6 protein chains.
Amino acid sequence: MRPSKRQPEEMRAVSFERGISKHAEGSCLVKFGDTQVLCTASLEEKVPSWLRNSGKGWVTAEYGMLPRSTGDRMRREASSGKQGGRTLEIQRLIGRSLRSVVDLKALGEMQITVDCDVLQADGGTRTAAITGGFVALHDCLSWMQARHMISVERVLKDHVAAISCGIYEDTPVLDLDYAEDSAAATDANFVMTGKCGIVEVQGTAEGEPFSEEQFQALLALAKTGIARLVELQKMAVS
Amino acid sequence: MRPSKRQPEEMRAVSFERGISKHAEGSCLVKFGDTQVLCTASLEEKVPSWLRNSGKGWVTAEYGMLPRSTGDRMRREASSGKQGGRTLEIQRLIGRSLRSVVDLKALGEMQITVDCDVLQADGGTRTAAITGGFVALHDCLSWMQARHMISVERVLKDHVAAISCGIYEDTPVLDLDYAEDSAAATDANFVMTGKCGIVEVQGTAEGEPFSEEQFQALLALAKTGIARLVELQKMAVS
Amino acid sequence: MRPSKRQPEEMRAVSFERGISKHAEGSCLVKFGDTQVLCTASLEEKVPSWLRNSGKGWVTAEYGMLPRSTGDRMRREASSGKQGGRTLEIQRLIGRSLRSVVDLKALGEMQITVDCDVLQADGGTRTAAITGGFVALHDCLSWMQARHMISVERVLKDHVAAISCGIYEDTPVLDLDYAEDSAAATDANFVMTGKCGIVEVQGTAEGEPFSEEQFQALLALAKTGIARLVELQKMAVS
Amino acid sequence: MRPSKRQPEEMRAVSFERGISKHAEGSCLVKFGDTQVLCTASLEEKVPSWLRNSGKGWVTAEYGMLPRSTGDRMRREASSGKQGGRTLEIQRLIGRSLRSVVDLKALGEMQITVDCDVLQADGGTRTAAITGGFVALHDCLSWMQARHMISVERVLKDHVAAISCGIYEDTPVLDLDYAEDSAAATDANFVMTGKCGIVEVQGTAEGEPFSEEQFQALLALAKTGIARLVELQKMAVS
Amino acid sequence: MRPSKRQPEEMRAVSFERGISKHAEGSCLVKFGDTQVLCTASLEEKVPSWLRNSGKGWVTAEYGMLPRSTGDRMRREASSGKQGGRTLEIQRLIGRSLRSVVDLKALGEMQITVDCDVLQADGGTRTAAITGGFVALHDCLSWMQARHMISVERVLKDHVAAISCGIYEDTPVLDLDYAEDSAAATDANFVMTGKCGIVEVQGTAEGEPFSEEQFQALLALAKTGIARLVELQKMAVS
Amino acid sequence: MRPSKRQPEEMRAVSFERGISKHAEGSCLVKFGDTQVLCTASLEEKVPSWLRNSGKGWVTAEYGMLPRSTGDRMRREASSGKQGGRTLEIQRLIGRSLRSVVDLKALGEMQITVDCDVLQADGGTRTAAITGGFVALHDCLSWMQARHMISVERVLKDHVAAISCGIYEDTPVLDLDYAEDSAAATDANFVMTGKCGIVEVQGTAEGEPFSEEQFQALLALAKTGIARLVELQKMAVS
């Protein structure tokens, strides 16, 4: 039995609140249960130096957690003077995931930065960030289309979403919350597109190695979860 | 005429949303119009080294802005590797302000850290942070009282709130929003207690120096503003 | 009775020693009693990037304390790897104060950096830095005028000076030394021009909040102090 | 056809040169073709603070590249003042991988740090580091066993090795070198034990997402590769 | 002919002004011509961790230059976030030089930090710092002796002083000023004791290598210079 | 008797292994006994900003030690966030030494960076780095000559090599290993050219000052050592 009483293949309630930022070109407060991530997409007219005069744009992401988004207060990274390895790892993953569905050529020489700031954490912050970051990115592109800068349809090739799975008390389960995550033997994150393409797979044995069979079970769970998330994204942005 | 059509002595709508964090001992989302600051109060059982074995506790604050809380995206301080001078200045001010109404002896050897993170900025983030930070602090103390750790009445000596004033087009006005703030000739922040004690006065001429008469007008405005804020705090926490 | 036997409205002996640097375009060793600050004004032909091609110049300041300028040796900021919040706060204040009397347009696209390094500290280092920094700035401008680069009269609109006041043992007193500063209930710094315009007011309750009456008394003291400092500056630079 | 003329399932020549460090308790120069990584295992008698008095030990890893291990000279991380996100990601992966086969309780309160420094890079540095790091770790444990500190058999539960796979010109291939890695559409790293347990799976679409079928092909390749690497490790350490 | 009209073996006017700091246990403003270095010696009751419980004390030094001590303003090291290589090199040299004449056992478990801050630079700042730092150290030890903490005679084994020499227009000259230093082909610094023991020799060819004969000529000059400096130190501290 | 049984004037076995890097324009693994330093010379087409449009090139060096190159594991400088004073001192020395035999004008506006990374340390790493760095530099210049970019003969004016000497148990000895270095009373490093020009002399008393006679003995030893090293370099590069 999962701590949250959910069925193994049952995700938490997922919601997208769009347009919550007065300033950002696109924004979304995404919730996976008690996990809340504020995603904003910011348009800038300059690209990284290695893309200058290439005709191509760039999509990048930054990730942060508010100090008391977690059970114990974490040290503020701005005050400790650097972003930790976990933060850098996650923001690189979010950026790669979002770029996998963007035609950078069709975007043109502009940069969109998606900031994902965790207001409250209860497991799965990186998957919520990717899934909600897509919505913020979508809305930023709509903002640009409304100003005749691009065509959303040509820039955005597909949906992208992410979900975690794990082996909790010997059972493969979908969408781990914090209680499960800290107890799970194995933890895997999947990033997939609306057309079931795999963008990223990350599976980690926390203690004992896991078997190929277990991994296949997690992959199967992830596919159903991602399909559901993409459906919810479509409802949100339509 | 103010850009927001407000009367000179008219504040923006102010609201306090309490208990919005699942994890923090006290929390409050404070809004001064479009300015939104998420304040959490975190209790830790250890004090800074210089207070060890003194029997006294400590209240401190940290301040941050989400990168796209502002009109243009700001660089994330965690990524630039240090907190800027403005950030350090503001968080020192918040900490001093909150400590001015706390009996550190009555708190005992514990530390409360009030994190004030600006979700959306439209002028007056530091005054909102102090005013809302007080509510988060109050609720953290109530949490402690419920566990028989302290008596709120003995620790919290008074209310404390803050407001900005400025000279906008030659008129002294209360509670500047961003449009006024960036155009104002003079900008002053006042921190005062429920009993009208002054905790902090900061007045700055942005261009031309201001006269003593102008300063007295700002002080008078601030007193009415603070009185109203304290009233609202009382309604919020009762 | 003040520790130094001074009357409440009595400042310490103030002196300006000009031209003490072989290299700097303007320089001044300012003393407020035992507080000694070495101020140099350095002319550079480049302005910050946001002013390029604006036709306007810039005046900025940096502040530092020698490690053993204080009673206990402080850690050297160059070795700790960053300037502390207090340092950043003070150097921003010095810069703003000096700019308040400079016509940046008349200066032209050049930058003057005023370095204020505390050789010995005994309270009031920031007010001494502003007051002496003005003299160094003046002499730098004279240096430029001698080379037909600018007209001092057109660039420098007024004098600017600063003084601290505080409530020491219930009495408002002028120009706190360290013994008073560390014991004072309230500490305020005032920056004013030769024409009595207010440039900056900063009042802080160290423990108990202070009353409006007390604040008015401090303001009155400051006005007499600043008037005296401006007189001394005039004697120094004439 | 692969640039190196290798068959799709053909690895590069792999070699382990043990005992190459005069000082380290265990050491190994591992080569995967032209990729050369110097691995040293250093024993320290202290553990991280969170393990103190737990009776458990720790195994951690650090990773670095010599500035000219690559085609173009990279900036030295010691001089740029921080380890980049890629470095942090890789050293966390190496540490997790090695710990997956270590019984930390049987190790006792001691820490082993495995340093993996890339002398020459030609793709697959992280997989070489894990595979060679295991040999250095093994030899460090043998060193300890020779001094009656532990039993290798009880501490080391299994072998662990890593290999990369990718889709190069639509063909799944094993053990990418730099020429393939920079051109591959998909890149995956697998860390597995001698008993075929999966420790870590990381698959990333560089451009287009990949299909589940493609991913299964990579997994199959990886299993044969890891089996071969474990065989080579056994020959090396026996 | 030297730019300063001095004879090849002629040093600049050297002076020591003692007791110039209100706070430091020992202090000295040393001048070698226009080079001015403020040296303070600060006593602390704690030693570096590697000396704890060893019964031995420590003498260390820090070095800094005020930003406008030089012809062009240098960037403040506190603001650039680190001490440069030259600074670290010099302060290590000063520390080693002073320790060479101190009996650390006789000092007991206390640390003396000698801060050498260059107020004005005109060549030879490191040699002035060592020579004046000795006087500050001496006075700190006298302060301690007056409080019956140590015996100066037992702690201080000898005098130590330093001087630069160089080949200027093919002539070996003593005590280079900035004009010579920047033009000299060879620059050497010598640190020697009152009994003519060599503590440190550093000779550097700025362009062409120098010959052994030239080096011997510099060494001969240095010996006469150091002897003179030690004489002056003795007059100063007696 | 020396710990290594060597005669006082006997150097350790010295070897140069050239061309060991697949990527670098010049490379050399130099060994002085158990001290091993990997030197690579990297050509870049840009020079430091102060040399732009000067027609002159630049040669610079960086130095690092692998964490377990030493008896006890050292903290990785990339992870501690800065290069220590010793590292900066050594890499400045290597750069100056190599530049002393290079005609920067004949090199043209290009920069060569010589990286010296210590794989294993047993005393004398800086002297090995200079001596082997010369070989890497030579081979980089040969690479350039083969591409008709420069003439080695015109760029490289002479050989340069370095050796350490010290007073070990009252006897002047050549080429200290770690056992001697840590016990020696005096330690000196000499950098000299093939024509016996002195580039750098650094002599340091570790405890007691040394006499002029002792210093002369060290200098005599160094001359024979350098002559032998230059001979070996000539054999290596011919």
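Quick reminder: no glycine exception, Cβ is built from N, Cα and C everywhere.
Heads up, TrEMBL stuff is auto-annotated, nobody curated it.
Residues or ranges marked as domain 'Exoribonuclease phosphorolytic' by TrEMBL: C:10-140 (among others). Per-residue pLDDT, averaged over the domain 'Exoribonuclease phosphorolytic' (C:10-140), rounds to 96.
According to its DSSP assignment, C:R126 (phosphate binding site) is helical. Per TrEMBL, the feature phosphate binding site maps to C:R86, C:G124, C:T125, C:R126.
Mapped onto DSSP classes, the domain 'Exoribonuclease phosphorolytic' (C:160-224) shows 19 helix, 30 strand, 16 coil. If you look up TrEMBL, you'll see C:160-224 (among others) marked as domain 'Exoribonuclease phosphorolytic'.
The Cβ of C:R86 has fewer other Cβ atoms within 10 Å than any other of the binding-site residues C:R86, C:R126.
The phosphate-binding residues named in the record, C:R86, C:G124, C:T125, C:R126, extend over a maximum Cα to Cα distance of 13 Å. The residues near the phosphate site, meaning same-chain residues not in C:R86, C:G124, C:T125, C:R126 whose C-beta sits within 8 angstroms of the mean position of the site's C-beta atoms, are C:Y63, C:I90, C:V118, C:A121, C:G123, C:T127, C:A128, C:A129, in sequence order. Within 10 Å of the C-beta of C:T125 (phosphate binding site) there are 25 other C-beta atoms, taking all protein chains into account.
In sequence order, C:F32, C:T35, C:I163, C:S164, C:D175, C:L176, C:D177, C:D181 make up the list of same-chain residues 6 or more apart from C:G124 (phosphate binding site) whose Cβ falls under 8 Å from its Cβ.
Secondary structure at C:R86 (phosphate binding site), taken from DSSP and collapsed to helix, strand or coil, is helix.
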